[in-house]
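Comments concern the structure below.
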Amino acid sequence: MSTVLPEDSVGLVTPQTARFDEPLALACGRSLASYELVYETYGSLNASASNAVLICHALSGHHHAAGYHATTDRKPGWWDSCIGPGKPIDTNRFFVVSLNNLGGCNGSTGPSSVNPATGKPYGADFPVLTVEDWVHSQARLADRLGIRQWAAIVGGSLGGMQALQWTMTYPDRVRHCVDIASAPKLSAQNIAFNEVARQAILTDPEFHGGSFQDQGVIPKRGLMLARMVGHITYLSDDSMGEKFGRELKSDKLNYDFHSVEFQVESYLRYQGEEFSGRFDANTYLLMTKALDYFDPAAANGGDLAATLAHVTADYCIMSFTTDWRFSPARSREIVDALMAARKNVCYLEIDSPYGHDAFLIPTPRYMQGFANYMNRIAI
C-alpha cells in the first residue's frame, strides 16, 4: 500500500554507484584493484561546493540514511529523523552524502561481491579493513562528486570514529566534525564483546571458513547470536527494564530450556532473526575488527592531544548519559584532548534513557543541540 510521504522528508531517493578502477592500498598491506561504493545524496550542492555534509554509518548501517526508495516502503532511512528539510542536518541548506562503506553488504564492494580474479564471492578472502581505509575510499568519492572540502562530517558510534579520523587524515578537507556517542578507541570490554560475537559466527558449522556462499548456506545461528549480544550493549538497563521488565509471553513458566518465556527473550530472538536474514557474516567480522583496530593515538604513545595537534576542524562532541557501550567519559577523553591541543570544541552530554541507541532516537534536547550546532555552520 502506498503512503503519503511526510513534508519534512527528503522524499524518494535513488541509490547511485561509483566505480573506482585505481587500486586502493590498504593498511593490512593488501590492495583492491577496483571497487564500487553505493551512495545516496539529499539536497543540492551549491555552486562553490561548500555545503556538503558526509554521513558516516555505524556497524550495521548503510547508505540509505534518509527518505524512501518507494512509496510502499514501511520505514524511511535509518537517520531520517535527523536529515531533511528543517531537521538538524537541513537539506534546504546542505548537500548530504551517505554511503555504504567498503566491505559492506548493501551494494558496495565487500565479501559478498564477486572477486574478479576468481569469479566467486570474496568471502573470507576479502581484505581486513580499518577506519582509515574507509576514509581514503570516502575521499575518492568526494573527489568524484567535486567536493574539495566537507562543510561537516557527521557520524554516530563507529561513524563518529570515521568523522574523527577524517580530521586527522585530511585536515584541510573538513571544516566541522560532529562526533556522536563515540570513543577515541575501544575499551578491553568492548573488544571482548566483539570477540564473543565473532566467535558465534566463526564456530557456526554453516560458516565454512567464510565460504558459505559457495555452499549455498548462511551462518544464520552465528549471526543471530552475534546480533543478540551486540543488541544488549546498545540498550540501557533502564530502557530494557521499562520496555520488558520480567514480563512473560504467557501467564505461566514452562520449566524447560527451549521455550521463549520472557518478553525480552522474544525481543532479542526477533532482532537476531531479522538481522541474520539481511546482513553478511563476513561483513560483520570486518566491521568489528575495524572497531577493534581504531586507535589513532597509538602512533603517539597514546597521546591523543599530540595526535590531534595538526587538525583544523571545529568539533561538536555529543554523548548520552545511559550509554555504557561508549560512555560519556569516552567522549570527554576526546574533548579533553582537543582542549589540550587548543582546538575549538563544544560538548553536549544528553540525558537519555535509551543507552547507545540514543543517537538514533530523536529526543528533544538531542535534536535541539544537534540543530543549533549545524545551523552555525557557514556555507
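Yeah, the Cβs are placed from backbone N, Cα and C, and that goes for glycine too.
Going by Swiss-Prot, these are the annotated features:
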ACT_SITE  Ser157  active site, nucleophile
ACT_SITE  Asp323  active site
ACT_SITE  His356  active site
BINDING   Arg227, Asp357  substrate binding site
DOMAIN    51-360  domain 'AB hydrolase-1'
SITE      Arg325  site 'Important for acyl-CoA specificity'
Distance between His356 (active site) and the residue listed as 'active site, nucleophile' at the Cα atoms, whole Å?
8
Tell me the Cβ neighbour count for Asp323 (active site), meaning other Cβ atoms within 10 Å of its Cβ, over all protein chains shown.
27
Cβ neighbour count within 10 Å of His356 (active site):
23
Those recorded positions, out of Arg227, Arg325, Asp357, that come within 10 angstroms of Ser157 (active site, nucleophile) at the Cα
Arg325, Asp357
Residues near Asp357 (substrate binding site) in space but at least six apart in sequence (CB under 8 A):
Tyr234, Leu235
Helix, strand or coil at Ser157 (active site, nucleophile) [DSSP, three-state]:
coil
Most Cβ neighbours inside 10 Å, all chains, among the recorded positions Ser157, Arg227, Arg325
Ser157
Using Cα coordinates, what distance in whole Å links Asp323 (active site) and Arg227 (substrate binding site)?
18
How big is the gap, in Å, between the Cα of Arg325 (site 'Important for acyl-CoA specificity') and that of Arg227 (substrate binding site), rounded to a whole number?
15
